[in-house]
Amino acid sequence: MEEWSVAHKVALWGFLGAVVFGVVGNRTQFCTMGAISDWINMGSLARFRSWLLAMGVALLAAQAMQAADWIDLSASMYLSSRLGLAGHIVGGFLFGVGMTLGAGCGQRTLVRVGGGNLKSLVVLLILGLTAYMTLRGLLAVVRIEVIEPLSIDVAKYGLAEQSLGTLMAWAIGADAGTTSIVVSLLIGLGL
């Protein structure tokens, strides 16, 4: 039997992951906005705890894959040397407003699209278009000219990236690799 190409393997794993993602998301009603809404409106922390568990599992899984040399997290655009706190605040606020207007987070929108909800299809198209416009289109001008100048360049402090482990190691004067592992374990297991 012929060996599968990398593209075929990625497509297969992507499809299998999407099926699991869709089934679990549909059965559990997993949603960031729903978790916060349940907590605020009904006093129920069940979905919020599920959200924290998912975050902890994702953090530990990513670190395990990094340790096994399956992935290189340092190649991620999210670990650049520029810490964009203003972008995080503005983006988080706008994403929260969008979740409220769209009746759910991006994950919930994907699950609803899979179930045939046309409103969610429109929300998903607008979400994707806005994300692309922020990276490369009309909104990129605002991001580059207004938000990015407010970023903190951690390279000025001798740091290669803005990961929490690296920032903690710098603050306490420890080894970045060891500190990253310890911080990831503490946060991942604590969630």
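Cβ atoms are placed via backbone N, Cα and C, with glycine included.
Pulled from TrEMBL:
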type     : residues : note
TRANSMEM : 6-25     : transmembrane segment
TRANSMEM : 46-65    : transmembrane segment
TRANSMEM : 85-106   : transmembrane segment
TRANSMEM : 118-135  : transmembrane segment
TRANSMEM : 167-189  : transmembrane segment
Cβ pairs under 8 Å between the transmembrane segment (85-106) and the transmembrane segment (118-135), at least three: yes
Report, as numbers and ranges, which residues of the same chain sit near the transmembrane segment (118-135): CB under 8 Å and 6 or more residues beyond its ends. 98, 102-104, 106, 109-110, 112, 143
Mind checking which residues of the chain, 6+ beyond the ends of the transmembrane segment (6-25), have their Cβ under 8 Å from one of its Cβ atoms? 107-108, 110-111, 114
